[in-house]
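**Q** So Swiss-Prot lists the following for this protein:
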BINDING   CYS37, CYS48, CYS51, CYS63  [2Fe-2S] cluster binding site
BINDING   HIS95, CYS99, CYS102, CYS109  [4Fe-4S] cluster 1 binding site
BINDING   CYS147, CYS150, CYS153, CYS200  [4Fe-4S] cluster 2 binding site
BINDING   CYS157, CYS190, CYS193, CYS196  [4Fe-4S] cluster 3 binding site
BINDING   CYS264, CYS267, CYS271, CYS299  [4Fe-4S] cluster 4 binding site
COMPBIAS  947-964  compositional bias 'Polar residues'
DOMAIN    79-119  domain '4Fe-4S His(Cys)3-ligated-type'
DOMAIN    181-211  domain '4Fe-4S ferredoxin-type 2'
REGION    252-984  region 'Formate dehydrogenase'
Amino acid sequence: MQEHLIVSLDGKDYLVEPGTNLLQFIKSQDTFVPSICYNESLGPIQTCDTCTVEIDGKMERACSTTIDRPMIVNTQNDKVQASQKEALDRILEKHMLYCTVCDYNNGDCEIHNTMDQWGLEHQTYEYKEKPYEKDYGPFYRYDPNQCILCGRCVEVCQDVQVNETLTIDWERQQPRVIWDNDTSINDSSCVGCGQCATVCPCNAMLEVNMEGNAGYMTDLEPGSLAAMIDLTKKAEPGYGPLFAVSDSEAAMREERIEKTKTVCTYCGVGCSFDVWTKNREVLKVQPQHESPANKISSCVKGKFGWDYVDSDERLTKPLVRKNGQFEEVEWEEALSVVAENFNKVKGTHGSDGLAFISSSKATNEESYLMQKLARQVIGTNNVDNCSRYCQAPATKGLFRTVGHGGDSGSIEDLEIADMVVLIGTNTAEAHPVIASRIKRGHKLYNNTLNVFDIRKHEMAERADNFYQPKPGTDLVWLSAVTKYIIDEDLHDKAFINEWVNHFDEYYKSLAPYTMEFAEETTGISKDALIDFAHQVADAKSVSIAWAMGVTQQDIGSDTSTAISNLLLATGNYRKPGSGAYPLRGHNNVQGCSDMGSMPDQFPGYQKVTDDEIRAKFEREYGETLPKQVGKDNHQMMEGIHNGEIDSLYLYGEDTGIVDSNINFVQAALEKVGFLVVQDEFFTFTATYADVVLPASPSLEKTGTFTNTERRIQRLFQALEPKGDSKPDWQIIQAVAKAMGYDWNYTHPSQIMDEIARLTPLYSGVNYDRLEGYNSLQWPVAEDGTDEPILYLEGFNFEDKKANFYPLTFDNFFKVNEEYDLHVNNGRLLEHFHEGNMTYKVPGLEYKVPNAFVEVSPELAEDRGIHEGAEIKLISETGEVELVAHVTDRVKGKEIYIPLNNNAMAHGDHGAINLLTNSDVDKDTDTPSYKRTSCRMEVKTRRGKSPLNPTNFRVNKQRQPQYSVRVQDKWKREDYTFPGSQVDR
């Protein structure tokens, strides 16, 4: 194959790699060619025809041309200019230029910029208004009269987000973008990701927060705005002066609209984007092509879920309980109360009488300081974080087998994998951008998708194969498949011989896991499992992703271990598109654990029981540190009940709602002698507090998050803290100072420098290396070299070999006659966990106003209930009252309750954890949230559906297709390729 080809561009020769896109090459040479429909994140769409150039004497679109031979390319001759002028005129026939009073006059309008740069002064064709009104959804709106039919929105919806809602109806006399089978935005299958607005080159698709808000004259009434547009156009003899005026107005906007790079504060994907703010209002969230985890992708929460930041419900002053009532106080008094009571408890109960719960919503720097406060200032290892509730078992399984507690590759590996296996993860709703990558690989590249889950969610519906095992039995089918692969000599012997220990011992341990035992135990047929085993063995690369459906079981650690065993047996580590992907639930649950907010580990998973490691931290901290392992979250609650713990300091976590068996937890919160809650809002847990400290959300601070793929990214402060609230790092430092320890940090970068000194995983991390959209995936060497794919140089053990880990199974879960229903639970796309943030976003609350319970059609028939029935669910630990949604997403006696209910603080009774019990994973103390059974009492047999009828889950009809179907445009009688027109 040739290394380079000669391309003559406007008379100058260049050496170009074969396969290079011609338009990108032209742009790389600083040669201007208009390209309004082209977006580097989307690739060629071929709808606008503006990028036409002459190639070897023939007029062709540059965007869809691959350099596969020597070429002579001309971008400047008369024919090219005439063709481009014709294409630009056709665009202005569809789009009225009124830039100065346009909401999108922000310097990014590609129509404005293209016309200006091309030098177009007058349009040939008069603008034609279309017979369509604007269409508004809760988050964005569509203006057909400004739409140029470039198709970017369709491309991103169909082939990037892969929600498959948008199409262009090319059959109409005047084509337009349509939703589903031609319904409104609000009544469609649209999930509100907003990517259509992200990629729109003009003001046709626009965030509703931008409309009337962005410019100096954009808030005019429609009639006045129309008059202003007419006046402006009549006053200017050509577009040049008009553009000059609008450019001046755009520059004025830049003075009052701040654009700040940040990282999303919701799930663990780690989407980064620019957030546009005016005063304290978030106008727009704009992902960038260089965003490392998400590119241009977003979900409804990341794109539109920011209203909570300026909510009137934000805490803005410290609160201290006095005579049973909370009173606002100044920081000095609040900190004095905290220090006095910490010292008091330490004096009466010792250092281990205090406990600390860190937040997976906070930054790495803040999580680091929380464990430092516990260990250096107080002298206890009683510190933990919410990874205990979800991800600790996955980390345990990976530490056992491969040595690092994190994803073995990157998100992009899930897109390029030959096969993706999803186990116990509702990825489309819990990790939407990752789901989009998987859906894209499945749709465009024909990658195989296998889903194992007890619930038929979207990914299950899309899968090539969907398997529904009995609850809690994943370890069995995983081990049976691994055994079958080895029995049939399908395992990767060369990989095992070179890279894995303990094969013989492990193979012997698989003896009980016959296909017959697996079929009987899991309910999946032997034939289906054998077929799956062959698929795994034959695939070039396999990636397995899992989440809380696996980890929140009595044997979550063992099942996670079984996943890694299967990957090792088939050689699916150490190469692109392969490996283990425990999908982290929170924006920084990975980082919070990395930072040592755990009872047994310092930052970087360095054990507190290791004398050498502990001595290193003692030298840094100047104190003797405890060597005994502390209490985890679960043990803290027990410690309060039995009198061992009398003070608890937690931040960024609503423990009284999110922990399992919350009747038990709430009793502990009531009993503990001194409780400090640090949060953005007065949470349910705060009702038990003695002191409440007002904290700042991510937009009001600087720091770093580490996402599910071990990617460390900086977030930059976009807003000043509201009222007297403070970033968590400042509050924790102030608590330490009140206790007599002056840390003297003036910026989070200093904290990261300290982390890097002490933590080999982060040794090369500093803020300079994370400037802008730069990121690093740990482990990071001192020179800044990171590892997007783990284990290329060997596994994280002394001998560089992984370990097979034998497992046993005797954990049969069965409901009994009294509690005959199995309760599953998890996230909804629109809300994040209990909803403390998302219920303060009107559009999200509108789409899903309350939690509910999914009931199967067969169970509904058996109990004589219908949509909207009010039912009471009763378990051994508590009861809830919910409204039923009847759906085939669940089957039989499986029911599903979303997590999104924080309403107990308002007197409601829908929180899932009133039903869950205190059972835990035997190795990590992670609550067995998924191992819950209950019985049902019917209060009313039918009623109003708990879902808004506009919700995408309610009988919506997606319209899958590939790209924008531009060929249908080309077939229209009124279409002629401009290049052909000038060739005549």
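The backbone N, Cα and C atoms fix where each Cβ goes, and this holds for glycine too.
What's the neighbourhood like for each of these?
**A** Long-range neighbours of CYS37 ([2Fe-2S] cluster binding site) (same chain, six or more residues apart, CB within less than 8 Å of its CB): ILE45, GLN46, THR47, CYS48, THR50, CYS63, CYS150, GLY151, ARG152, PRO201.
Annotation for HIS95 ([4Fe-4S] cluster 1 binding site): same-chain Cβ neighbours under 8 Å, separated by at least 6 residues, are ILE111, TYR127, GLN146, CYS147, ILE148, CYS202, ALA204.
A 10 Å cutoff on Cβ-Cβ distances gives CYS200 ([4Fe-4S] cluster 2 binding site) a total of 26 other Cβ atoms nearby, all chains included.
The Cβ neighbour count for CYS157 ([4Fe-4S] cluster 3 binding site), using a 10 Å radius over every protein chain in view, is 26.
CYS267 ([4Fe-4S] cluster 4 binding site) has a Cβ environment of 27 other Cβ atoms inside 10 Å.
Per DSSP, the compositional bias 'Polar residues' (947-964) is made up of 0 helix, 0 strand, 18 coil.
Sequence-distant contacts of the domain '4Fe-4S His(Cys)3-ligated-type' (79-119) (same chain, six or more residues past either end, CB-CB distance under 8 Å): 32-36, 48-54, 59, 125-128, 130, 145-149, 201-204, 206, 210-215, 217-218, 220, 225, 228-229, 232-233, 239-240, 242-243, 245-247, 249-250, 253-254, 257, 978-979, 981-983.
Taking Cβ pairs closer than 8 Å, the domain '4Fe-4S ferredoxin-type 2' (181-211) reaches residues 36-37, 39, 41-42, 95, 102-104, 109-112, 135-144, 146-148, 150, 152-153, 155-157, 160-161, 163-166, 169, 218, 281-287, 296-300, 303-304, 432, 829-830, 843, 847, 949-950, 952, 956-959 in its own chain, all 6 or more past its ends.
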**Q** Other than its close neighbours in sequence, what residues sit by the compositional bias 'Polar residues' (947-964), given a CB gap under 8 Å and a spacing of at least six beyond its ends?
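**A** Tertiary neighbours of the compositional bias 'Polar residues' (947-964) are 45, 47, 151, 154-155, 158-159, 163-168, 180-181, 186-191, 443-444, 846-849, 852, 885, 887.
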**Q** What does DSSP give as the helix, strand and coil breakdown of the domain '4Fe-4S ferredoxin-type 2' (181-211)?
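**A** Each residue of the domain '4Fe-4S ferredoxin-type 2' (181-211) counted once, the result is 5 helix, 4 strand, 22 coil.
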**Q** Hey, of CYS109, CYS196, CYS264, which of those binding-site residues are within 10 Å of CYS153 ([4Fe-4S] cluster 2 binding site), Cα to Cα?
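**A** Taking CYS109, CYS196, CYS264 one by one, the ones whose Cα falls within 10 Å of CYS153 ([4Fe-4S] cluster 2 binding site) are CYS196.
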**Q** Can you list, in sequence order, the residues of the same chain other than CYS157, CYS190, CYS193, CYS196 whose CB lies within 8 Å of the CB centroid of the [4Fe-4S] cluster 3 site?
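**A** Filtered neighbour residues, in order: CYS153, VAL156, GLN161, ASN163, THR165, LEU166, VAL191, GLY192, GLY194, GLN195.
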**Q** Can you figure out which of CYS51, CYS157, CYS190, CYS193, CYS271 (the binding-site residues) comes closest in space to CYS109 ([4Fe-4S] cluster 1 binding site), comparing Cα atoms?
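**A** In terms of Cα distance, CYS109 ([4Fe-4S] cluster 1 binding site) lies closest to CYS51.
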**Q** Using CYS102 ([4Fe-4S] cluster 1 binding site) as the reference point, find which of the binding-site residues CYS157, CYS193, CYS196, CYS200, CYS264 has the shortest Cα-to-Cα distance to it.
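**A** Considering only the listed binding-site residues, the nearest one is CYS200.
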**Q** Whole-number answer please: how many Å between the C-alpha atoms of CYS157 ([4Fe-4S] cluster 3 binding site) and CYS267 ([4Fe-4S] cluster 4 binding site)?
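**A** If we compare the Cα positions of CYS157 ([4Fe-4S] cluster 3 binding site) and CYS267 ([4Fe-4S] cluster 4 binding site), the gap is 21 Å.
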**Q** Taking only the binding-site residues CYS51, CYS99, CYS200, CYS264, which one has a CA atom nearest to the CA atom of CYS190 ([4Fe-4S] cluster 3 binding site)?
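**A** Spatially nearest to CYS190 ([4Fe-4S] cluster 3 binding site) by Cα position is CYS200.
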**Q** Looking at the binding-site residues listed here (CYS51, CYS99, CYS193, CYS196), whose Cα lies nearest to that of CYS267 ([4Fe-4S] cluster 4 binding site)?
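**A** Of all the candidates listed, CYS193 is nearest in space.
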